[in-house]
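Novice: What TrEMBL shows for this protein is this:
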- 1-22: signal peptide (SIGNAL)
- 226-369: domain 'DUF8173' (DOMAIN)
- 229-247: transmembrane segment (TRANSMEM)
- 267-292: transmembrane segment (TRANSMEM)
- 298-319: transmembrane segment (TRANSMEM)
- 331-347: transmembrane segment (TRANSMEM)
- 353-370: transmembrane segment (TRANSMEM)
Amino acid sequence: MRKFFYLLMFSLLFLIPSVSSAYVVKSDDFIYIAKDEIVEGNFYFSGKSITVEGQITGDFIGIAPNIQINGKVDGDVISGSQNLLINGEITGNLRAFSSVTNINGVIGKNINFFGETIILGKDSVVGQDLLMQTINSELNGKVNGNVHGGTYNILINGEVGKNINLTLDHEKRKSYSTSMEIGALATISGDLNYKAGKDANIKSENIKGEINHKYPEKTKNKTNGIAKTLYLILSSFLIAILFNYLFKNKIEKIKKIIIEKNSSLTLPGVIILLLTPIAVLIMALTIIGIPIAVLTLITWIFVLFLSRIVFAMLLGDYIFKTIKKENAHQLLKILSGIVFAFLLFALPYVGWIFSLITVILGFGSIYSIIKNKKHAN
């Protein structure tokens with residue numbers, strides 16, 4: 001795991017001139033940067049928990065279930081975590097994927113956040129824009145720029161320096177569970193633009209711009225949508241048959257690994273998912289690295305697609321095992337798995353979570369196969 005992590009994140013950095021003359025790599029269960037400690041240059045990490053009390057003079061990049069920044073980062077923070085807590089200062093951008101993120105400190109530039117919940121405390125400051133895709137969000141601090149993206153439930157009691165552009169509901173439904181509340185303490189210097197099935201609960205009198213509420217529209221052409229879904233199911237079914245014919249043993253091995261090692265696949269899966277595009281971008285900046293970047297990106301996209309197919313096949317096996325029909329024809333298992341997988345991925349609010357877990361396990365299982373093969377050799 002450690003060797004792969006280093007290779008993916010850092011070996012390619014030597015192909016181009018580095019902005020910083022120094023960098024630090026740490027991979028350990030528990031990483032602690034003391035209050036009087038200064039890390040020169042970029043800091044790359046992997047572990048179970050990391051706490052920063054001191055100062056990092058470059059970028060802070062890596063993944064850990066629990067990340068806490070109480071000190072100062074003089075650059076960008078790019079991270080994947082389960083829990084992210086920022087009480088200190090980040091002079092650059094925060095780009096994070098996390099289940100729950102609490103920010104009580106200062107973000108000098110932008111926040112790009114993808115996850116379940118983001119909470120900006122009353123003392124938090126975002127220097128520029130906040131872009132988010134969340135289920136729950138609470139903004140009690142100050143955002144100097146725009147707030148845009150998507151969320152299902154949002155409470156705003158802080159200050160927004162420019163416009164708010166949010167989508168709560170994409171399609172028209174019989175009932176809506178999303179909610180937007182603009183509290184009495186909120187101040188919005190620009191426009192409030194939102195797309196939702198219900199009116200926002202606006203208690204604030206400090207909205208200086210316009211309030212524009214757009215209701216979600218009914219899907220205009222259901223026939224085309226159904227036809228497209230059927231086409232995707234059929235094409236996925238045919239591709240699954242082809243994969244099963246050409247790579248049956250390898251696919252069976254991947255399914256077995258996912259069943260036996262599902263929890264241990266999460267960390268390498270997330271690392272590959274998040275950091276491969278960064279590595280590709282770095283390689284693409286050099287002429288000599290462009291062919292490798294293209295090949296890496298194609299492989300990454302292929303595994304993205306393969307993960308969903310393998311998950312569908314695994315789901316089909318599970319369904320027929322549950323109903324005690326293990327001897328059913330393999331084609332019937334594959335088709336059933338694909339149909340049920342599409343239904344899971346299409347679920348409102350949580351479908352993307354199933355899709356994300358599928359991809360993470362897929363990348364993790366591929367890594368596990370490569371790792372075991374190297375050990376065997």
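Start at 1 and count along the chain as shown; that gives each residue its number.
In case you wondered, yes, glycine gets a Cβ from its N, Cα and C as well.
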Novice: At a threshold of under 8 Å on Cβ distances, which of 229-247, 267-292, 298-319 pairs most often with the transmembrane segment (331-347)?
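Specialist: By the under-8 Å Cβ criterion, the transmembrane segment (331-347) pairs most with 298-319.
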Novice: At a C-beta cut-off of under 8 Å, are there same-chain residues at least 6 beyond the transmembrane segment (229-247) that contact it? List them, or none.
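Specialist: Residues 306, 308-309, 312-313, 330-331, 334-335, 338-339, 342 contact the transmembrane segment (229-247) from elsewhere in the chain.
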Novice: Tell me the residue counts in helix, strand and coil for the domain 'DUF8173' (226-369), as DSSP assigns them.
Specialist: 125 helix, 0 strand, 19 coil
Novice: Can you give me the average pLDDT across the domain 'DUF8173' (226-369), rounded to a whole number?
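Specialist: Reported value for the domain 'DUF8173' (226-369) is a mean pLDDT of 80.
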